[in-house]
Amino acid sequence: MDPDSESVPAAQEVDGSVMEGGGQILRVAAALSCITGAAVNISKVRAGRSSPGLRPQHLSGLQLVSDLCGGVLQGANIGSTDVRLTPGKIRSGSYTADTQTAGSVCLLLQVALPCALFTDASSQFCLKGGTNAEMAPQIDYTLKVFKPVLEKFGVHFDCDIRMRGYYPKGGGEVSVTVNPLKQLQPVTMIERGNITKIHGRAHVAGVLPYKLAKDMSAAAVRTIRKEIKDLYINIQALQEKDKACGSGNGIIIIAESSTGCLFAGSALGKKDKVGIEAAEMLLRNIRHNGCVDEFLQDQLIIFMAAAKGTSRIRTGAVTLHTQTAIHVAEQLTEAKFTITKCEDELSSSVTFIIECQGSGVDNLNL
């Protein structure tokens, strides 16, 4: 640290090795640091991973947040396991972040979006990397599941896919506009209702044949039909011609419920079982009577923590990612979470209610 560090306010200490021990701790901590204005020291970054420390994707996410709040980053280089972010004032503007790999643009958005809500005007982001990457939400999920559910909190953003980018080349690009808000509204999602609609897209790009998209779609429909007999299922098969970099294939299937809950199953790549895998993931996520799928759970925690009032969301089994996000959110804000197990008379499955007394962050820039 520099010799003048006497004058620097004490930072919150965040242990990057706890629980899930991955990049998510970094994203939640950096975004909350930016929103609350409190410095954070994150140690043992991604200690739970086979290659610990910052990867290009995490580094570009941190730099993006630091740019947004005119912050000072220390220890921000590839492989670093200790990072400090001292935030300044959040500013709207136009920002670019490029992982220069197939690192996920959706994870870049995950860290920047909460920060951009607390600026004085709308912000534009140009995010480059992988749009459909393993171990991260696909851009289709961000648009079709994450975005509509976030609107319940009062969040509005637009996202335009300029180019899809697949592993290992990346080369994808999305442009996102985020509108600020005065305060996040609390959300209650505890009644799932019935599944009313299932739809999706199976896509191929580059040298891969259109027949593969049709086969993925057909395999997914067959798998869902074994369990859900009476719903119309529409999974479009698409060949991405000019808006894709490199060759890749993937599928996303979305289920909607009568109360506006959204669930998804998705899969990418090389395996011929891609359609079946996505369908099984979707079915697994609608068997329990929860209102969100296993992937949305942890992504909503930061918004519940910052909202003013009490949010209540019914989920299936609470994931380690979600528990980790709650741990960091409670550490860095005044939010208080409780998780209650519910026995359901209607089905054998157990659900949980995640309840949060939000910290009620005010946008002082508006």
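Using N, Cα and C of the backbone, Cβ positions are placed for all residues, glycine too.
Source: prediction; values computed, not measured.
Residues or ranges marked as active site, tele-AMP-histidine intermediate by TrEMBL: His321. The ATP binding site annotation in TrEMBL covers Gln110, Phe295, Leu296, Gln297, Asp298, Gln299. Look at TrEMBL and you will find 19-339 tagged as domain 'RNA 3'-terminal phosphate cyclase'. Under the heading domain 'RNA 3'-terminal phosphate cyclase insert', TrEMBL lists 191-286.
Sequence-distant contacts of Gln299 (ATP binding site), defined as residues of its own chain at least six apart whose C-beta falls under 8 angstroms from its C-beta, comprise Gln110, Pro137, Phe146.
Looking at the residues that bind ATP per the record, Gln110, Phe295, Leu296, Gln297, Asp298, Gln299, the two CA atoms farthest apart are separated by 13 Å.
His321 (active site, tele-AMP-histidine intermediate) has Asp298 as its nearest neighbour among the binding-site residues Phe295, Leu296, Gln297, Asp298, going by CA to CA distance.
The local packing around the residue listed as 'active site, tele-AMP-histidine intermediate', expressed as other Cβ atoms within 10 Å of its Cβ over all shown chains, amounts to 19. With DSSP states grouped into helix (H, G, I), strand (E, B) and coil, the domain 'RNA 3'-terminal phosphate cyclase insert' (191-286) comes out at 31 helix, 38 strand, 27 coil. Using the Cβ center of Gln110, Phe295, Leu296, Gln297, Asp298, Gln299 for ATP, the list of other same-chain residues with Cβ within 8 Å runs, in sequence order, Pro137, Phe146, Val292, Leu300, Ile301, His321, Thr322. In this model, the domain 'RNA 3'-terminal phosphate cyclase insert' (191-286) carries an average pLDDT of 94. Sequence-distant neighbours of Asp298 (ATP binding site) (same chain, 6+ apart, CB under 8 A from its CB) are Gln24, Thr319, His321, Thr322, Thr324, Ala325.
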